[in-house]
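The feature signal peptide is assigned by TrEMBL to C:1-23. Taken from TrEMBL, the feature transmembrane segment covers C:33-51, C:58-78, C:98-118, C:125-148, C:168-187, C:222-240, C:260-284, C:296-318.
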């Protein structure tokens, strides 16, 4: 096992992590501000991917596809927020789980009806395809590097948004005291719609970006959603910083575990058993990570103390 | 003086820079009502939490009937005979009054693990619960849902559930809160009677009730006990007057 | 209508349908009723945690699937006559339902103990997300476990046996499942009124009160979660036996979601809720699924309508008592 391979896997882990961050940031923002657990966040990811695939096929432009993903997911978010979510803010978590589970069913079936069951393919643009040689002689796909860059940029943008802008101040105020900011004359309904649309757009962007390295298909959102939940549990609900750290941890653990655990097992047992045991254990590695964090800090690394 | 039932020594609790309790010591003797008063933010809730075991102190000890319970959690202290009431009623709102009281009896008897026989066919538990309800004057409402009770009746039920534990000591967090004049009078009479059963550590804002009931009063200011004494002593205490009335000490 | 009558009527309907189907020679209807009974059993397990305990577990498919795999693994070893090696011991497989059930109950209870002990350290949304995540962990584990079929799952050639019954006869297998469901519902009904149920219900509504009377909400809820997982695990073993097949699909998050849906459709915390929910679900699946390929969209719409406008589910509508939650 060479150093180059290890570095390559670290980059892969980072790339998976920053994409998870886009999902987790929206989820944690929506939970922090509105107190809503949104299972349908994975559907918004899927909407973004399908919109991008559709527009890319029609126009051939990847940038237009990304814009379409952002717009479609944000629009779907606005519709969902005004029609359904609004009625759920005051409800208990069970109602929220059910209603958003129902939304997953509806979104998935409508997408299947519109696009069929076969996966669509979205290709990275020519100017981002192919490998680049990094210092140290690692040849790494430009597109994946671009994903890492975009993820970091979005993270920085979110940080600036919540810390440096009026909207951000309102968002943070909304997390702390709903009645108060309503009393101060902020239109809380519009703020909620805006936050939801922002979270949806981030999910849609992630869907489109990841869609170009995997296939675009119905049901693609939920595994990512569940990983994003693991990220949030690790990072602490409501914390963007926690989502970032958690996402990188999960991305790295997942990627590196899949490569190194079988290798590790090969040191003690025969290759076939090692591959099997390593694969089984690596499929569990992020959940073991989550368990450890739970034992250590039940409210996550950056969560408020209960 | 007789051996205290509840004895608190040197309790200290800090939340960051805020000192919520600083070296708090007080005793609860058999048959007495020991009131703890103090302005808002004096650390009364934190003190109750530490006495009842929901907030771990940074330093200090709590002894109940001579036994050190500092390391015990809230449930263990309740089983050891410390019964509390809550400032904001903590009751199972969808259950009946009798069910809430029976829960106390089940907890006191340490028998929650029965899965088959109905709780309300446990004669001992029901008898204990009914006696407690009669004591606080709620026996006519045994079958009512707690959600349908008046605020005052819920305060009474809080006391009844505490009674089902057959406690060695009561810790009551503002039992008069939100009661009207009639309700306060009734509750005052009840507590005056109950103290013979087990002494009461009473945290209360209603000064009429405190002065009517308390055998001793401790005054808590900024986490410290600035004075302990009889009603007359506390009324005359210059430091207390300064803390409450802003007079020069 | 009182809740007791709703429960009895639902049980009578579930019993009458396959008897009619037997007379009319419609074996497929008996299979549908069996499926409803087993799903009702799984949801009854969940209802103990969710309805009575207030624990919104989005990972109960883990227990359902563990029960299923307990059956699949034991039966597959029996049909190939290859002993099952557990470290130093070698155990033969079995095709006996009582043994399989015991193993399913023990394994799922153990898993519920581990998952519950960790997830109950938190509450609210954390609990939901963590149970969902652990459910997914078992899903991925089964997918990567090639010795027992991996993604493809495990097929069993002959349905397992029960002493004194011919389980290959649909009505007899139905009777067995119905009896188990009845027992579980009886247990839940007794439990609600027993000291344990009273304390558990209080722990959902006012945990501080439960602590103050000397009980531990954590232990009560953990016990409820383990019992709940064990019943759902038993249902999983029966479900696998009904299909003579087990695959990671039984462990999927959709399965967890559907189990919650069953409870809510019927009425959360109600004794008959899971039964009515499962009956309705199987009926919808049969009719809507026959009418349109996209029946899940309609299921979603119905579910959304119930959540937004008919809290309390079908039992709530029938008894006119709306919602049971605080």
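A Cβ is built for glycine as well, from the same backbone N, Cα and C atoms used for every other residue.
Quick caveat, the model's predicted, so the values are computed rather than measured.
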Annotated stretches the transmembrane segment (C:222-240) and the transmembrane segment (C:125-148) touching (3 or more Cβ pairs under 8 Å): no
Folded-back contacts onto the signal peptide (C:1-23), same chain, C-beta under 8 angstroms, at least six residues removed: 29-30, 33-34, 36-37, 40, 170-171, 174, 178, 182, 185, 270-272, 275-276, 279, 315, 318-321
Candidates C:98-118, C:168-187, C:296-318; stretch with most C-beta pairs under 8 Å toward the transmembrane segment (C:33-51): C:168-187
Cβ-Cβ under 8 Å with the transmembrane segment (C:125-148): same-chain residues at least 6 beyond its ends: 55-62, 65-66, 69, 72-73, 76, 111, 115, 118-119, 154, 247-248, 251-253, 256
Residue numbers, six or more beyond the limits of the transmembrane segment (C:58-78), whose CB comes under 8 Å of its CB atoms: 42, 45-46, 49, 84, 92-95, 99-100, 103-105, 107-108, 111-112, 115, 128-139, 142, 148-149, 153-154, 156, 160, 228-230, 232-241, 245-246, 248, 250-257, 259-260
